[in-house]
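Enquirer: Below are the features I grabbed from TrEMBL:
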- 69-73, HIS132, ARG176, 227-231, 256-261: ATP binding site (BINDING)
- 6-97: domain 'Phosphagen kinase N-terminal' (DOMAIN)
- 66-303: domain 'Phosphagen kinase C-terminal' (DOMAIN)
Amino acid sequence: MVDAAVLDKLETGYAKLAASDSKSLLKKHLTKEVFDQLKTRKTSFGSTLLDVIQSGLENHDSGGEYIVSTRVRCGRSLDGYPFNPCLTEAQYKEMEEKVSSTLSGLTSELKGTFYPLTGMSKDVQQKLIDDHFLFKEGDRFLQAANACRFWPTGRGIFHNDDKTFLVWCNEEDHLRIISMQMGGDLGQVYRRLVTAVNEIEKRLPFSHNDRFGFLTFCPTNLGTTVRASVHIKVPKLAANKAKLEEVAAKYNLQVRGTRGEHTEAEGGIYDISNKRRLGLTEYQAVKEMNDGIAELIKLEASL
């Protein structure tokens, strides 16, 4: 017998797939008749229909017609250390050493290289710029908050060999942990992030409060700290910005330009993410973004 929670996920996922304008093979061949016939069945190994179709349920835009890339990130503060304005130079160095040591122990898909900003060669710097990985000294708001003291001491960047996993050390938060890749496979991006955060936390305890969740330098990130986003091509909606903002507001989405906050959309490509981080779970935050994006794709296709 299929578990009730699995059945619920199947019903919810199928309803969204059926209502979408997806051109995927799953949408074409998984008719209601086939779905009803298979949804309660289980193999001798315990596999269900959900195991078979989950990727297709999460990737309505499998052809890449709309979604250019997908990214999920979270912020973390290390337990026992203050926020950036109160860190001493010695603490910055100590934290960088701890972070570098921890990340160098990651294996498999997460295995990669840590690059300290201090003493970085021009070749390495250019490579990180070309990959859009290199962060710069904070803007005027962070500088006014004394969040950029002793720059670039204690700052560094880590990325895995596949360039799908990235960690910023002491940019705005102690850690910014990022999972990303081209295309719209949100499930894979999210699972990679969860695996990475769990591995890092085994060696580096994070600051957490029962009321406010994970503690971050900027209060807008408190709670889950999760920001799930896509670069999405919606040229028709781009011509009707009011409609785009209306749908975004309905699903608690934030609309930014192609290169993030305070930038313009280039070629009808927007950076769209979940707005809420506090008062919900990590899964709910990511799901909220996914539901909103599915609605935007449906609307764009209808125009």
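Every residue gets a Cβ built from N, Cα and C, even glycine.
So where do these features actually land, and what's packed around them?
Expert: Secondary structure at SER229 (ATP binding site), taken from DSSP and collapsed to helix, strand or coil, is strand.
Computed over the domain 'Phosphagen kinase N-terminal' (6-97), the whole-number mean pLDDT of the model equals 83.
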Enquirer: I'd like the Cβ neighbour count for ARG256 (ATP binding site), meaning other Cβ atoms within 10 Å of its Cβ, all protein chains included.
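Expert: The Cβ of ARG256 (ATP binding site) has 17 Cβ neighbours within 10 Å.
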Enquirer: Within 10 Å of the Cβ of VAL72 (ATP binding site), how many other Cβ atoms are there?
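Expert: I count 26 other Cβ atoms within 10 Å of it.
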Enquirer: Using a 10 Å cut-off, grab the number of neighbouring Cβ atoms around the Cβ of SER229 (ATP binding site), all chains included.
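Expert: If we count other Cβ atoms within 10 Å of SER229 (ATP binding site), we arrive at 22.
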